[in-house]
Amino acid sequence: MEHHAVEFTAQHLIALLPLLVTCMSAIVVMLAIAARRNHALTFVLTVLGLNLALLSLLPAMGVAPLEVTALLQIDRFAGYYMALVLAASLACVTLTHAYLGGQSGKGYPGNREELYLLILLSAAGGLVLASAQHLVGLFIGLELLSVPTYGMIAYAFFNKRSLEAGIKYMVLSAAGSAFLLFGMALLYAEAGDMGFRAIGASLAQGSSLLVELGIGMMLIGLAFKLSLVPFHLWTPDVYEGAPAPVAAFLATASKVAVFAVLLRLYQISPATAGGWLNELLTLIAIASILFGNLLALLQNNLKRLLGYSSIAHFGYLLVALIASQGLAVEAIGVYLATYVLTSLGAFGVITLMSTPYSGRDADALYEYRGLFWRRPYLTAVLTVMMLSLAGIPLTAGFIGKFYVIAAGVEAQLWWLLGAMVLGSAIGVFYYLRVMVTLFMREPNLHRHDAPFDWGQRAGGIMLLVVALLAFFLGVYPQPLLELVHNAALVALAQ
């Protein structure tokens, strides 16, 4: 790869628009906070910024595919995952607004505005990750994504659990990043270049132990961020301690971005999957599927349950990653989209049920007993989400799972498929358990509840939209499939 001076033209700027708009929004929000604290204004600015960033994807895709410096590759693949990250962030922002008080008038003790700023910064990191094609781009994106999340997790600092979760995540995340960097150093020592493509080329000539170790260590760093099995221990604690909208962000936007970059690495340099690394990934996938589902059986806390189930879901995604032929890239795109939808819905219901003033979120299962008799529509939303996570037909989750299984069959990964089917069967059980709880006749206990008019607020409207989408995509998935097909073709064509 000959190094030439980077010409930076208007086209490059257009290609970078989503990222630039997101960063500009962060700056605007920061200045607005500095000028005058106003929760509603901050919320509106953030939503505007994220919507503009989503819209700016259109002109950006117009000039794609385009290599912007050696670090970023803006193409349809990047565009698709950028859209997912931005949409997830947008949903988390509306949830944050509902969570931090909205119109309920009860003031959140402390400053509310910075949370929006952190979400914007983190989203910018996600955008960098989705388009990274270089180890440095990957690392910058990863840090920009995860550093603001430390603050977000500990945002309800007057709540001991939240603070503990933030510190725990920060320490473990640093360890994960250290592994990642070490792996990168080993790769660079061997390949002499940090671009994914160059690494792939030098790997194709023959793999040495150094390279395999380097990739293995990088995988450890990324597996930590995706909470795959041996590195999953932080997940339930952090999900439980973090404020509900932040848990939603962690489960959706941050994981999608990391998975996108992992997929890109695998697509561009297939040699990274060679040898014992493939077996290692297979083991991690099987372990994630089984552990995630089995540990979720024991949970009496909805957020912890969702944490464990997200471990299992990323185990399923690894199956498609290992298959990484034909269908697999599309399968991953579809699965991530449906997973984001359903996770946002599930965490959204928890968000609307909780207020940060009552000391902790409404995440214990008993708080949802008989919810149907008090908030029927909210219950309907949560029920659809649980069905979708379990992968029941007529919901979006089924389409994703179906595609992943199809990809696995295509690549003939029978062991992995066995684990998937077993895991899904266990999964149905604990999702049903949540649903049964919702419809129980309840003893009259006083506890916190979603406000009566939740459906007329930003957060509630977003939830209803998500529920309808989850159902609609389950019945008529064609639009999503076409989108993903376009994005996947580009990834394979390179």
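The backbone N, Cα and C atoms fix where each Cβ goes, glycine too.
Long-range neighbours of the transmembrane segment (43-63) within the same chain, counting only residues 6 or more positions beyond its ends whose Cβ lies under 8 Å from a Cβ of the stretch, are 11, 14-22, 24-26, 28-29, 32, 74, 76, 79, 82-83, 86-87, 89-90, 93-94, 96-97, 116, 119-120, 123, 127. The transmembrane segment feature in Swiss-Prot is assigned to 43-63 (among others).
The transmembrane segment annotation in Swiss-Prot covers 82-102 (among others).
Among the features that Swiss-Prot reports, transmembrane segment is placed at 117-137 (among others), with the record citing sequence analysis.
Here Swiss-Prot flags 138-158 (among others) as transmembrane segment, drawing on sequence analysis.
For the transmembrane segment (169-189), same-chain residues at least 6 beyond its ends with a Cβ under 8 Å from one of its own Cβ atoms are 135, 139, 142-143, 146, 149-150, 153, 199, 210-211, 213-222, 224-225, 231, 233-234, 238. What Swiss-Prot records for 169-189 (among others) is transmembrane segment, and it gives sequence analysis as the kind of evidence.
For 209-229 (among others), the entry in Swiss-Prot reads transmembrane segment, with the evidence type sequence analysis. Sequence-remote contacts of a segment are chain residues at least 6 beyond its ends whose Cβ falls under 8 Å from one of its Cβ atoms, and for the transmembrane segment (209-229) they are 142, 146, 172-173, 175-187, 189-191, 202-203, 235, 254-255, 258-259, 261-262, 272, 274-277, 280-281, 284-285, 287-288, 291-292, 307, 310-311, 314-315, 318.
Counting same-chain residues at least six beyond the ends of the transmembrane segment (243-263), those with a Cβ under 8 angstroms from any Cβ of the stretch are 77-78, 81, 84-85, 88-89, 91-93, 95-96, 98-99, 115, 119, 122-123, 125-127, 129-130, 132, 138, 141-142, 145-146, 149, 152-153, 155-156, 162, 222, 225-227, 303, 306-307, 310, 314, 317, 321, 329, 332, 336, 339-340, 343-344, 347-348, 350-351, 354, 356, 361, 363, 491. Residues or ranges marked as transmembrane segment by Swiss-Prot on the basis of sequence analysis: 243-263 (among others).
Sequence-distant contacts of the transmembrane segment (277-297), counting only residues of its own chain at least 6 positions beyond either end whose CB sits under 8 Å from a CB of the stretch, comprise 212, 215-216, 219, 223, 228-230, 232, 236, 305, 308-316, 318-319, 321-322, 413, 415-416, 419-420, 422-423, 426-427, 429-430. As annotated by Swiss-Prot, transmembrane segment applies to 277-297 (among others), with the evidence given as sequence analysis.
The transmembrane segment annotation in Swiss-Prot covers 311-331 (among others).
The feature transmembrane segment is assigned by Swiss-Prot to 332-352 (among others), with sequence analysis given as support.
The transmembrane segment annotation in Swiss-Prot covers 412-432 (among others) and is backed by sequence analysis. Using a Cβ-Cβ cut-off under 8 Å and counting only residues 6 or more beyond its ends in the same chain, the transmembrane segment (412-432) has close neighbours at 282, 285-286, 289-290, 292-294, 296-297, 299, 305, 309, 312, 315-316, 319, 322-323, 386-387, 389-392, 401, 404-405.
Feature annotation from Swiss-Prot assigns transmembrane segment to 461-481 (among others); the stated evidence is sequence analysis.
Proximity of distant same-chain residues to the transmembrane segment (311-331), defined by a Cβ-Cβ separation under 8 Å and at least 6 residues beyond the stretch ends, is recorded for 226-229, 232, 235, 255, 259, 262-263, 266-267, 270, 273, 278, 281-282, 284-289, 291-293, 295-296, 339, 389, 400-401, 403-404, 406-408, 410-411, 413, 416-417, 419-420, 423, 427, 481, 484-485, 488, 491-492. Just going by CB pairs under 8 A, the stretch in 82-102, 117-137, 332-352 that sits most against the transmembrane segment (461-481) is 332-352.
Residues of the same chain lying 6 or more positions beyond the ends of the transmembrane segment (332-352) and with a Cβ under 8 Å from any Cβ of it are 80-81, 84, 87-88, 91-92, 95, 98-99, 244-245, 247-248, 251-253, 256, 259-260, 263, 302-303, 306, 310, 313, 316-317, 320-321, 361-363, 378, 381-382, 384-386, 388-389, 395-397, 399-401, 403-404, 450-451, 454, 459-460, 462-463, 466-467, 469-470, 473, 477, 480-481, 483-484, 487-488.
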